[in-house]
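Structure, as structure tokens:
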Amino acid sequence: MRSIMEVETLKRLALMGANKEQVSLSSSIFATSLGMSPQTAARRLSALEEDGYITRVVTPEGQKVRITEKGITCLKSEYRDYCSIFEDGGAPVMRGKVVTGLGEGQYYISLDGYRNQFNDKLGFDPYPGTLNVRLTEPFIPAEHEAVVIAGFKGENRTFGGCKCYPVRIKGVRAAIIRPDRTSYPPNLIEIIAPIKLRESLGLRDGDEVEVTLE
């Protein structure tokens with residue numbers, strides 16, 4: 001999301017029910033609810049549509065708007081941020097099920113260019129492999145929470161950077177690792193730890209787990 005005003009516009013649409021269904025929108029009434037001119041409101045809607053946060057259908061009577069999955073994900077991220085500010089309920093907990101990964105983690109985590117940074121920045125030497133968890137909700141962290149792992153050049157290729165997010169799983173210190181370039185959906189996470197989590201925690205595919213953000 002590019003600006004606070006666009007977030008506010010998206011929130012206003014959700015309060016009108018656009019997160020659940022397509023709603024008819026009067027430009028003048030909508031602009032008044034946001035405290036801005038119809039022209040400015042139209043630009044906000046256009047920006048949201050261009051960025052993929054809403055869909056719009058223009059009719060002779062006005063327009064019909066619905067928030068996309070991307071827009072809902074954005075609102076959920078905002079919600080979690082406000083919960084962390086105002087609620088005194090402890091660290092955020094994510095829930096999901098263990099799944100089989102692609103098997104590429106062992107190779108990449110073993111590379112010294114990554115491994116040395118994991119040691120320095122996360123404080124542990126990771127087991128060469130990842131635990132993959134499919135969450136019930138997308139994992140959309142705030143940028144300031146990330147531990148940045150820089151990319152580097154090998155003998156024959158360049159390796160991209162990634163971001164890590166310290167967590168605990170069943171009391172074990174670990175970290176979610178998310179490459180800067182990934183084909184994984186937002187609700188699928190890879191976890192590294194100083195031990196083989198599957199073996200040490202007795203986990204199998206389909207087992208439900210809780211992942212606590214540090």
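Any Cβ shown, glycine's included, is placed from N, Cα and C.
DSSP assigns Gly103 (CDP binding site) to coil, not to a helix or a strand. Per Swiss-Prot, CDP binding site is recorded for Gly101, Leu102, Gly103, Glu104, Gly105, Gln106, Ile195, Lys196, Leu197, Arg198, and the stated evidence type is similarity to another entry.
Positions annotated as Mg(2+) binding site by Swiss-Prot, on the basis of similarity to another entry: Thr130, Asn132. In the three-state DSSP reading, Thr130 (Mg(2+) binding site) counts as coil. Neighbour list (Thr130 (Mg(2+) binding site), Cβ cut-off 8 Å, at least 6 residues apart, same chain): Gly101, Gly105, Ile109, Ile177, Glu190, Ile191, Ile192.
What Swiss-Prot records for Thr182, Glu190 is FMN binding site, and it gives similarity to another entry as the kind of evidence. Thr182 (FMN binding site) falls outside any helix or strand according to DSSP and counts as coil. The 10 Å shell around the Cβ of Thr182 (FMN binding site) contains 13 further Cβ atoms across the protein chains shown.
Annotation comment: Swiss-Prot describes 1-91 as region 'H-T-H motif-like'. A mean pLDDT of 83 is what the model gives for the region 'H-T-H motif-like' (1-91).
Per Swiss-Prot, the feature region 'Riboflavin kinase' maps to 92-214.
The distance from the Cα of Thr182 (FMN binding site) to the Cα of Asn132 (Mg(2+) binding site) comes to 14 Å. Fewest other C-beta atoms within 10 Å: among the binding-site residues Gly101, Gly103, Gly105, that description fits Gly103. Each of the binding-site residues Ile195, Leu197 was scored by how many other Cβ atoms lie within 10 Å of its Cβ, and the smallest score goes to Ile195.
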